[in-house]
Amino acid sequence: MTITPQHLIALLPLLIVGLTVVVVMLSIAWRRNHFLNATLSVIGLNAALVSLWFVGQAGAMDVTPLMRVDGFAMLYTGLVLLASLATCTFAYPWLEGYNDNQEEFYLLVLIASLGGILLANANHLAALFLGIELISLPLFGLIGYAFRQKRSLEASIKYTILSAAASSFLLFGMALVYAQSGNLSFEALGKSLGDGMLHEPLLLAGFGLMIVGLGFKLSLVPFHLWTPDVYQGAPAPVSTFLATASKIAIFGVVMRLFLYAPVGDSEAVRVVLGIIAFASIIFGNLMALSQTNIKRLLGYSSISHLGYLLVALIVLQSGEMSMEAVGVYLAGYLFSSLGAFGVVSLMSSPFRGPDADSLYSYRGLFWHRPVLAAVMTVMMLSLAGIPMTLGFIGKFYVLAVGVQASLWWLVAAVVVGSAIGLYYYLRVAVSLYLHAPQQPGRDAPTNWQYSAGGIVVLISALLVLVLGVWPQPLISLVQLAMPLM
C-alpha cells in the first residue's frame, strides 16, 4: 500500500507525538534540564491536539490494514492527549522535589500516549496488541518511578507480572480467533461472524481469553485485584494517567471491535459480560465503602465506573444511543478523574515521600484552601452522578440504554451501585469541611491556582459544571464522531 500525503495528514497526531519522543530523548542526552524537557513534552502534546483539526479536514480513511482514522478515532485520540497533557502538567511540580532522574518521566508518558493513540485508531487485532503493549510497558517504569519507596516498587512489580500474564491470555485468544476465522482485521472478523461462525467453540474460546486479557487492563471483576494497590503505590500523576488515558484508549478499541465484529450477538458472550458488569459495579462500590485512602478509594471506584460502561457496551449493536452513552460517560469520567487526581497531585507536590492520599490529610481543607476544597467537592459529586454535573449526564445515558434494551438486572445494579457510591463520595466531600486537625499534614502551595496544574484542575471543574448544566456541545461532538465510522 502506498502512503500518500493524505495518509500522513491522517497520522499527524501519531507522527507528532512520535517526533516529540525522539526530540525529548535527544534533549535528555544533550542536556538534563527539567523545565526544557517538560516544556518540549507539553508543546508536542498540544501540537498533536491542534493537528486533529487537520485530520478532520482530511476525512475518514484506512491507513494500512492496521489503522482506520475517522471521527471515532479522533474523539478518543483527543481524550487520550488531554489526559496525557494533564499528567505532564501535574508531574512538573511533583518532580521538582524528586532527587533522582526527572526527565525520563515525560519520555515514558509520551511513549504511553503513543500507544493510546494507536489503540484509538486500531482496526486490526495486531494493532490492538501493539497499542496495549506500547501503553503498558512505560507504565511499568512510571508506577515504580518513586522506586525508593517500598509501596511504589511493590506496585510496579505487581502490575508488571500480572500485566504480562494478561497479555499472554490476550495473545493466545487472538491466536485461537485467527485459527478459526483466518483473519485479524476487525471488518473481516465481522464478515466471518456474520457467516454463522460466531457459535464455533474455538472462536468463543478465543474471545473468552481476550476478555480475560482486556478485563485485566480495564480493572474489571474478577481481574481487578491489582487496581487498589497500584493506584495507591503509584505516584499521584501516574495514577492520573492510569485512571484516564489507559482506560479510555483500551475501552475505545474494545468498542470498535464490538462494532465491526458483533461479538455481543452471541448470547454466551452477552451473559458473561453482563455478569462481569454486575460484579464490577457492586463489588467496586462495596469495597470503596471502607477505604480511608483516597487513591485506593478512586481505584475501587474506577472498577465500578468501567462496570457502568460495560452495560452500554453489551447493547452496542442495538443502536447509536449506546455509542453516544459511552462517549459522554468517558468524557465525564475523564474530567472528573483529572480534577480529583489533580487535587491529590497538588497536595503531594513537591515530592516529599508518600503522597497526600490519606483522607485525614484532607480534613478541614476548606478552612485554608477553600477553592481547592470546592473543586474536590465538585469532582466527588460528579463521580457520584449528582444532577447538575457531567457525571449525572453520563450515568443517565447508561441507565437509558439499559432500559431501552430491557436489561433490568443491570439497570438495578447501576441504581444500587450509584446509591452505595453516594455514601463514600460524600464522605470525602464532608471531611473537607470538618474542623482542621491540630497538626495539619501535607498542604497545597498557597499560589496553587496560578500554577499550570492548578489551572488544569480549575478548567476540569468548570467543564464538569458547565457541561452538566448544558451538555449539548459535548453530545454534538460525540454524535459528530459517529457517522464517520
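Note that Cβ sites are derived from N, Cα and C of the backbone, with glycine treated the same way.
Long-range neighbours of the transmembrane segment (8-28) within the same chain, counting only residues 6 or more positions beyond its ends whose Cβ lies under 8 Å from a Cβ of the stretch, are 36-37, 40-41, 43-45, 47-49, 51-52, 54-55, 57-58, 61, 63, 67, 69, 77, 81, 103-104, 106-107, 110-111, 113-114, 117-118, 121. Feature annotation from Swiss-Prot assigns transmembrane segment to 8-28 (among others).
The transmembrane segment annotation in Swiss-Prot covers 35-55 (among others).
Remote same-chain residues near the transmembrane segment (105-125) are listed as 13-14, 17-18, 20-21, 24-25, 28, 37-38, 40-41, 44-45, 48, 62-63, 65-69, 72-73, 76-77, 80-81, 83-84, 87-88, 91, 95, 131-139, 141-142, 145, 174, 177-178, 184-187, 189, 241, 245-246, 248-250, 252-253, 256, 260 (criterion: CB distance under 8 Å, separation of at least six residues from the stretch ends). Positions annotated as transmembrane segment by Swiss-Prot: 105-125 (among others).
Residues 66-67, 98, 100, 104-105, 108-109, 111-112, 114-116, 118-119, 121, 153, 155-157, 159-160, 163, 167, 170-171, 174, 217, 230, 233-235, 238, 241-242, 245-246, 249-250, 253, 257, 351 of the same chain lie 6+ residues outside the transmembrane segment (127-147) yet bring a C-beta within less than 8 angstroms of a C-beta in it. What Swiss-Prot lists as transmembrane segment is 127-147 (among others), and the listing cites sequence analysis.
Feature annotation from Swiss-Prot assigns transmembrane segment to 159-179 (among others). If one looks beyond the transmembrane segment (159-179) by at least 6 residues along the same chain, the residues whose Cβ comes under 8 Å of a Cβ in the stretch are 125, 129, 132-133, 136, 139-140, 143, 189, 202-203, 205-214, 216-217, 223, 225-226, 230.
Here Swiss-Prot flags 203-223 (among others) as transmembrane segment, drawing on sequence analysis.
Positions annotated as transmembrane segment by Swiss-Prot, on the basis of sequence analysis: 271-291 (among others). Note on the transmembrane segment (271-291): residues 208, 211, 215, 220-222, 224, 228, 264, 297, 300-308, 310-311, 313-314, 407, 409-410, 413-414, 416-417, 420-421, 423-424 of its chain, located 6 or more positions outside it, place their CB under 8 angstroms from a CB of the stretch.
Marked as transmembrane segment by Swiss-Prot: 297-317 (among others). Long-range contacts of the transmembrane segment (297-317) within its own chain (CB-CB distance under 8 A, at least 6 residues past either end) are made by residues 218-221, 224, 227-228, 230-232, 239, 243, 247, 251, 254-255, 258-259, 262, 264-265, 270, 273-274, 276-281, 283-285, 287-288, 291, 323, 325-326, 329-330, 333, 337, 340-341, 359, 383, 395, 397-398, 401-402, 404-405, 407, 410-411, 413-414, 417, 421, 424-425, 428.
Residues or ranges marked as transmembrane segment by Swiss-Prot on the basis of sequence analysis: 326-346 (among others). Residues of the same chain lying 6 or more positions beyond the ends of the transmembrane segment (326-346) and with a Cβ under 8 Å from any Cβ of it are 75, 79, 82-83, 86, 90-91, 93-94, 236-237, 239-240, 243-244, 248, 251-252, 255, 294-295, 298, 302, 305, 308-309, 312-313, 316, 355-357, 372, 375-376, 378-380, 382-383, 389-391, 393-395, 397-398, 444-445, 448, 451, 453-454, 456-457, 460-461, 463-464, 467, 471, 474-475, 477-478, 481.
The transmembrane segment annotation in Swiss-Prot covers 373-393 (among others), and the record cites sequence analysis as its basis. Proximity of distant same-chain residues to the transmembrane segment (373-393), defined by a Cβ-Cβ separation under 8 Å and at least 6 residues beyond the stretch ends, is recorded for 301, 305, 328, 331-333, 335-337, 339-340, 343, 362, 365-366, 418, 421-422, 425-426, 428-429, 432-433, 457-458, 460-461, 463-465, 467-469, 471, 474.
Annotated transmembrane segment per Swiss-Prot: 408-430 (among others), in sequence order, evidence recorded as sequence analysis. With a cut-off of 8 Å between Cβ atoms, the residues of this chain six or more beyond the transmembrane segment (408-430) that come close are 274, 277-278, 281-282, 284-286, 288-289, 291, 294, 297, 301, 304, 307-308, 311, 314, 359, 362, 376-377, 380-381, 383-386, 395, 398-399, 402.
The transmembrane segment annotation in Swiss-Prot covers 455-475 (among others). Sequence-remote contacts of a segment are chain residues at least 6 beyond its ends whose Cβ falls under 8 Å from one of its Cβ atoms, and for the transmembrane segment (455-475) they are 85-86, 89-90, 324, 328, 331-332, 335-336, 338-339, 342-343, 346, 371-372, 374-375, 378-379, 382, 387-393, 449.
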